[in-house]
Amino acid sequence: DFLCISLVNGFTQLRYNLGDRTIILQTLQKIHANGNTWHSLNAGRVGNEGYLDLDGINVTQKASPGMNSLDTHTDFFVGGVSSLNFVNPMAIENEPTGFTGCIREIVINNRELNLTVTDPKGGANIGDCDGTDCGYTVCKNNGTCQVENSGFSCSCPREWTGTTCEQSIYCSQNTCGSHALCIPLPSSFSYTCACTLGWTGKYCDNKIKFYIAKFVGNSYIKYTDPFYGKRDLQYCRLSLNFTTNQTEGLIAWMGKSEHEDNDFLAIGLANGTLKVVINLGERISVPLMHNKYFTCSDGRWHFITVVQNQTCIKVYLDEELILFEDIDPQRKYTALNYGGICYFGGFEIGRKVNIVTTGLFQNEFFGKIKDVVLFQDSKKIQLMKAEGYNIHDGNSGN
């Protein structure tokens, strides 16, 4: 299998093979090979449907029956390869040759590659293309970079300030404490303080301890499982108690959530109904809905357990088995490769639940969570010792 982007006779080509045939897409227009025109290129595939977009002009290859996953276990090469003998003859039209020119801002699966001296695994014969201290991302938030004798300076849009336009003007005079993050609120020309785990108050200067975590909508906990390397990922289990009076919200997400190919197990509410979603591979997300009765948004404590035995999923609500389904009788994928990461209540600040979950869940969680247990562990997760923001002490009033 391969995926290759190349220049062919002045045109840009995307070629990929998922195991059955080579698909070729070529741009409609030639590129300007004058050495001073930047081009924007978007290329990729969804299943076996490919797309290639050069400077806003799109070419799409519609999906057809056949294989739809790219199985490659090699490094990702940019501009050339360590040996041209590695290049599959079907991946290029002419004899393979290295690229001469400039490349910047490479984003793969929503993650940007840092084209620096230290970040790549290796390389050879690479020079600085910009030639100045500006580069292309020195000034943040659409700031404009000017080269100066002493280096560079940034001209910032009016809502941003700082050497590289990295700070909101609304946070420039903030009084958030050392255990807080300043979040700008442009609509009210103000800011709010997001408190790290274990701290609360307007300026995050009150220390707290909790065993019950209270989520207020812009809250999250990110727990890293220290035993992940020893887990049998074909037999996962997650149980917890929760209470809420909201009809929408993400309660828990086992998975890295870095891009849409990551495996996950998710628990949440949709229209007041318990919703469990499993993805064991190839972006095949299987939502399981419980419609028997709408009691999960009643402000009472509910105990939920989700058990994954290869492709068989069992869901218990208040110790009653409410869902039992084999999500893939063919057993193509049987392990939950969740990366040792568990989110509760939402994701990192600035990452919206409906976007990260691609619409599977609409909102962050409002309510309380306690007694979280992974697998068959004898001890509950100590939520206090995880990472997170805006978690309140839910112990009072229970």
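Any Cβ shown, glycine's included, is placed from N, Cα and C.
The model shown is predicted, which means the values in this text are computed figures rather than measured ones.
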Do you know which of C102, C145, C154, C156 TrEMBL records in a disulfide with C129?
C102
Cysteine paired with C176, where TrEMBL records a disulfide bond, from C165, C171, C193:
C193
So what's the mean pLDDT when you look at the domain 'Laminin G' (1-129)?
85
Please identify, from the disulfide-bonded residues C129, C165, C176, C195, C204, the residue with the sparsest Cβ neighbourhood, meaning fewest other Cβ atoms within 10 angstroms.
C129
Where C129 (disulfide bond) and C193 (disulfide bond) are concerned, what is their Cα separation in Å, rounded?
40
Inter-residue Cα distance where the pair is C165 (disulfide bond) and C176 (disulfide bond), in Å:
20
Near C102 (disulfide bond), which residues of its own chain have a C-beta under 8 A away, given they sit six or more steps off in sequence?
W38, C129
What's the number of neighbouring CB atoms sitting within 10 A of the CB on C193 (disulfide bond)?
23
Roughly how many angstrom lie between the C-alpha atoms of C165 (disulfide bond) and C195 (disulfide bond)?
24
